[in-house]
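Asker: Quick one: this structure, given as structure tokens, is what I'll be asking you about.
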Amino acid sequence: MTAAPDSAGNAEAPAAGDGDAADAAGDADAADDADAADAANDADAADAANDADAADDGDAADAVNDADAADDADAGTDVVAGGGYPEACDTPARKLLYDLVSIPSPSGEEAAAAERLVDFFEANGREAWIDEVGNVRAPADDAVLLTSHVDTVPGDIPVEVRPAPEDVDDLGGTDVRVGEPGEPVLWGRGAVDATGPLVSMAVAAVETGVSFVGVVGEETDSRGARHLVADRDAPEAVVNGEPSGWDGVTLGYRGFLSGTYVNTSESGHSSRPEPNAIQHAIDWWHGVEEAFTPADSETPVFEQVTTKPVSMDGGLTDDGLAVEAAMDVQLRVPPARTVDEVHELAEAELSTGSVHWKEPIPPVMESPRTDLARAFRVAIRGAGGDVRLLRKTGTSDMNLYAAEWECPMVTYGPGNSELDHAPDERLPLSELDRATTVLADVCRDRR
């Protein structure tokens, strides 16, 4: 997810039905309507899935076997963190995940990981290349575009596979339990955000022949996604890769508005009553916070404009003649409001100084009633899961895709988002397997 110094991160909430049903009743209605649609279509969907499986099982098995053979042959050179794979990394998806998590890929340093992705596609008979901004492009059937980000946040977590602990006291820094006790779990930066989703999409794209893009810069300026929407037409559907859990589907994200307040005042003795630039900055921000405080304290976070100062610098200038202040701020924007409206209200609180705003990212809320969302519900249930429809309080590249492309889209991927950017980031390998199966089933349903 797009990194920002915001402790709220990308908290999850049950998804509202659509942009017009963003309250608790709407959540229930949306879930009920979606379930009703599924109940009517489950039999047809199951038949269609079985037909697709019958037609595709041979090709899928060949693709997996080919990938196995290629990976086994290259095991000595493709693995960065050692001379071979852990015993549990015994499938193409697991091997590719181990490789990519072993290759550091913080924003701006994605090249080596991108090359490994290109190698994976080429080894499986797919054309792939790295474009001018660093994205990995593997176009094919645009019935579905699978896309996730190659970059991660910085952080050195030793890459290893170890069993999930039996005892809750042995969980690690965040005390988040993932995986059944004893099952293999892969540790490493990016395992959850978002190399796990990226790998599940790459493997599903190879198995089903749909389009794939691994974008760069998502954790900073989303330059990869911005280039992608400017460089190509809309596909028929988009699945954006971020951790939702293999049984979860994310339908909404809040928008993002950030800027820097700057002000300068004359210097003077600290005993004087006149406010200086630092006080003006603080006063402006207090006004912004009050302007967006919800009248109802029970308002869900997803439906609020939340405000956060993330850094501040101020003091006397080098010549001692003035006081300067600079404050970086961030605002998250719910789908019920626009970034322009929030920008205007924040500007209205200015009495002195100015704000240099960065390019905003609009909010997004997709309907659970699209064919794409329905295909995910059927695929997850077919794999034995109880579907969770989610709204995230943070922001992702799906916001940019929804603003530019008129097609159905969701965000999906393995992993517990509570471990995004965490010092104990890790992913159960069984979750990677299930997510890859779900994605492949959805892509076959759409083709």
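Including glycine, each Cβ sits where the backbone N, Cα and C put it.
Note that the structure is predicted; figures quoted are calculated from it, not measured.
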Asker: Considering the Zn(2+) 1 binding residues HIS149, ASP193 given in TrEMBL, which of GLU87, GLU109, GLU236, GLU242 is annotated for that site as well?
Answerer: GLU242
Asker: Do you know which of GLU219, GLU404, GLU406 TrEMBL groups with ASP193, HIS421 in the Zn(2+) 2 site?
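Answerer: So the Zn(2+) 2 site in TrEMBL includes ASP193, HIS421 plus, from the candidates GLU219, GLU404, GLU406, GLU219.
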Asker: Quick check: of the recorded positions listed here (GLU218, GLU219, HIS421), which one has the Cα closest to that of ASP193 (Zn(2+) 1 binding site)?
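Answerer: For ASP193 (Zn(2+) 1 binding site), the closest Cα among GLU218, GLU219, HIS421 is found at HIS421.
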Asker: Of HIS149, GLU242, HIS421, which is closest to GLU218 (active site, proton acceptor) if I measure between C-alpha atoms? They're all binding-site residues.
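Answerer: When the Cα distances are compared, HIS149 comes out closest.
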Asker: If one measures from the C-alpha of HIS421 (Zn(2+) 2 binding site) to the C-alpha of HIS149 (Zn(2+) 1 binding site), what distance in angstrom results, rounded to a whole number?
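Answerer: Here the two Cα atoms are 14 Å apart.
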